[in-house]
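Trainee: According to TrEMBL, the protein has these features:
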type	residues	note
DOMAIN	A:16-388	domain 'ABC-2 type transporter transmembrane'
TRANSMEM	A:20-41	transmembrane segment
TRANSMEM	A:241-267	transmembrane segment
TRANSMEM	A:287-309	transmembrane segment
TRANSMEM	A:321-339	transmembrane segment
TRANSMEM	A:369-394	transmembrane segment
Amino acid sequence: MFEVFKKELLELIRDKKTLFFVLALPMLVFPVIMALVGFLGSQATLKAEQKVHTYYIVNEQHGQAYAERVFYHKSFKKYAGEETFSSVEELKQAVRSGIIDVGIFLQSDPQKELSKGKQANWQVVFNDAQSINFIYDRLRSLANEVSENLREQTLIELGIEKEKQQAILQPILISKVDTADKRENLGEKLGAFIPYLLIPLVLMGASYPAIDLGAGEKERGTLETLLLTPVTRTQLVLGKFLTVLLSSLACATVTVLSMAVWVSVAISFVKLDTVKSAFSSVTGTDFLLIFALLVPIAAIFSSLVLAISIYARTFKEAQNYMAPLSMGVFLPIVVSLMPNMELTAKTALIPVTNVALAIKEIIKGTVDYGLLTMIVIASALLATVLLAFCVRWFSKEEVLFR
Amino acid sequence: MLGLLGPNGAGKTTTLRMLSTALKPDSGQIHINGQDVVARPLVGRKSIGFLSGSTGLYGRLSAKENVEYFAKLHGLKGRALKTRCDELFEVLDMGSFLNKRAEHLSTGMKQKANIARAVVHQPDVVVLDEPTTGLDIMTTQTVINFIRELKSKGTPVIFSTHHLDEVALLCDRICVIDRGVSCFDDTLENFKVKGQSQELNQAFLNLLQGVAHV
């Protein structure tokens, strides 16, 4: 078995594709992609922020103060054309045809409406389909300023001093005192994201070498000669399984280390004290616990993908079988993200979901070690069953010589 | 030296796979040196060397590493492994490409490495499944020389082929199978007699047609 493992490992290390998928991809490509997405995203946001929008106000007389604020805002430029518009429909048409970027319809004077005890209804006409759009927020913010001034003025006229206005408008001020510390709070959010990244990578780290070691052997014509050596099928499968398992864990470890390095680099550039203080309480033991949880899950995936690969006749056929599995692994992770989904004696028995929930608990610092042991045992048992199935699969002529 | 003949789909590969313990027969027995290899396949595998025209090598291992890997799987280690491998590398003239990765070897070089791999454990019986199919003349000659070498050493060889000139050149005995049934098992001379032709291809066809009539 050890000879098979040594040889498979040697071949794996010499395979550029495997090295790319297991080491280079998580080490470099992911941070590069993240940096690229971040850069492009910030550029798009900056562009949207700096964009100056042409506007047109209908019934400007109903809101002189507001019209003035919009006029002096750096993001808006008054329409200087000759066309005039008088209704929401006309404004819509003008936005659609690109004459203006935004139309503002002031239906009535808020001061007059207020004297009648009514609200003024103003409308902002623009194309909200763009993903990054500050038009509405900015115009609403300006309208709020006018609205607040008007309210303040009216209340003073009614004899209510400025100092008392806040208390009258909001007699009860309620605030929360959270018993959860920063780590628990942040862990609830980030802890759900980490398994989402880690678990599929564990699968990816297992898939490629498994395809090479099973279907790849069939395709290259080396399987038959291997089967004719005086090595038991169990030893052969174990040798291959250990290689796949190692690759899977290597992929996960490299990813975690790479992410840790890149997060620390990012933190050193950006001031994120909350994140810093939250993560500073995540100890080395916690990382070891996460790794300990990944071992049985990697074993489950390794057995599964090896069995699939042994069944497949060719590399391509194996890849076709792996695709739905890759999709399928997200389902139990998504279950762990559902509201109020917690690690209990029951959920500790659901494969993959249990590990995802446990990782979240570890990051939060609220892990139950009894449940953790339960997860490791349950996952190890499942991995053993799958491995036994894999050995059986590897002994079946109808599978090997399809 | 037994030549196994038969049309495509006759069951030659299945028979050889059973002999080499890759497949388990539904019934019957296979004995090598008195050992029942169906009951004890792991023991049987130590006595069998198997090679076919489509047998591959591990591309990312060198020719030397390929041969040594199979030697180790057959239980050879240390000095014994080195001596045996060096002996094969010399006999097969593999010195110039020993450390080259198998994926970069020519077909002839690959087949030499394959031969070394198949006999590195000094098997009692060598099973060859169409060992020259798809090979060029030079590589075919390497395989033929290898089989001759085995013959001269008295190692029993069973090989299937469609090339009757190879049969004439190498075989002492011929077995013809059709649809999984043995329809001839005798010497080359009797093959010509029963096939009613001195020309082997014709004799083979006559023999099969005779079977069809039966």
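Placement of Cβ uses the backbone N, Cα and C atoms for every residue, glycine included.
How buried are these features, and what lies next to them?
Mentor: Through the fold, the transmembrane segment (A:20-41) approaches residues 201, 204-205, 208-209, 247, 250-251, 254-255, 258-259, 262 of its own chain, all at least 6 residues removed from its boundaries and within a Cβ separation under 8 Å.
Tertiary proximity for the transmembrane segment (A:241-267) is limited to same-chain residues at least six positions away from its ends with a CB under 8 Å from its CB atoms, namely 1, 5, 8-9, 12, 18, 21-23, 26-28, 30-31, 34, 197-198, 201-206, 208-210, 213, 275-276, 279, 287, 290-291, 294-295, 298-299, 301-303, 305-306, 387, 390.
Outside the transmembrane segment (A:287-309) by six or more residues, the chain places 194, 198-199, 202-203, 205-207, 210-211, 213-216, 237, 240-241, 244-245, 248-249, 252-253, 256, 318, 321-322, 325, 329, 351-352, 355, 358-359, 362, 367, 372, 375-376, 379-380, 382-383, 386-387, 389-390, 393 with a CB less than 8 A from a CB of the stretch.
Here the transmembrane segment (A:369-394) has long-range neighbours at 233-234, 236-238, 241, 289, 292-293, 296-297, 299-300, 302-304, 306-307, 310-311, 343-345, 348-349, 351, 354-355, 358, 400, meaning same-chain residues at least 6 beyond its ends whose C-beta is under 8 angstroms from one of its own.
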